[in-house]
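Novice: Sharing a structure here in structure tokens format.
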Amino acid sequence: MRILVVEDEHRIASTIKKGLEQEKFAVDVAYNGTDGYDMAVSENYDAIILDLMLPEKDGLEISRDLRKQQIHTPILILTAKSQVQDKVAGLDMGADDYLTKPFSFEELIARIRALSRRPHKSLGSVLQIADLKLDSKTFLVSRNKNKINLSNKEFSILEYLMRNKGKIISKDQIISHVWDYNADILPNTVEVNIKNLRAKMDRPFNKKLIHTIWGFGYKIE
């Protein structure tokens, strides 16, 4: 799963990001409302963790404007405000859930997983191409019923390719989707991860699923 965190307090954002990555989520972070909104509109996320009090554009505005744009990504609002009227305002603007600071990380994870189970206009959690299966909720990958152990980045790349079955995905698209928004990525990082993926989920089997389209990128089919 890919999560967008919009939080202007860098310490809190860093803690959330680190914890989510340990739970095998891919995480992008925005530190103000304008960047957060732009990222939510331009990228596909499975959930958005959204602070209410943000510079430039607050969480209520972001929730309202995303719903106006028919973007139905689940939104969990974080805020130091605990008044009932603030919670009601957030939910009225299109947010799906509300968590008051300070909160336990275990509760945050539980809320995110609960949101991902709710019906909304997104792709399903279980993806399958030929005999390859990936479950984005349980992080299980198997081929021909054989379990495949992947690193967090390998899993995120594979999920991205599978959600775009038959489409050519460039290296830049993979980097933008899988790594942090401002991450400094070495030129061969994608190639190394694709090579590792092939060794685990293609090499042991007769049918190869990941294909290199020279000069353009990769596709899976």
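Cβ from N, Cα, C; glycine included.
Note that this is a predicted model, so its numbers are computed, not measured.
Relevant sequence annotations retrieved from TrEMBL are reproduced here:
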- 124-221: DNA-binding region (DNA_BIND)
- 2-116: domain 'Response regulatory' (DOMAIN)
- 124-221: domain 'OmpR/PhoB-type' (DOMAIN)
- Asp51: 4-aspartylphosphate (MOD_RES)
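Thinking about packing and proximity, how do these listed features fit into the structure?
Specialist: Residue counts for the DNA-binding region (124-221) by DSSP state, with H, G and I taken as helix and E and B as strand, are 33 helix, 23 strand, 42 coil.
For the domain 'Response regulatory' (2-116), the mean pLDDT of the prediction comes to 85.
The number of other CB atoms found within 10 A of the CB of Asp51 (4-aspartylphosphate), across every protein chain shown, is 25.
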Novice: DSSP-wise, what's the residue breakdown of the domain 'Response regulatory' (2-116) into helix, strand and coil?
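Specialist: Computed counts for the domain 'Response regulatory' (2-116) are 54 helix, 24 strand, 37 coil.
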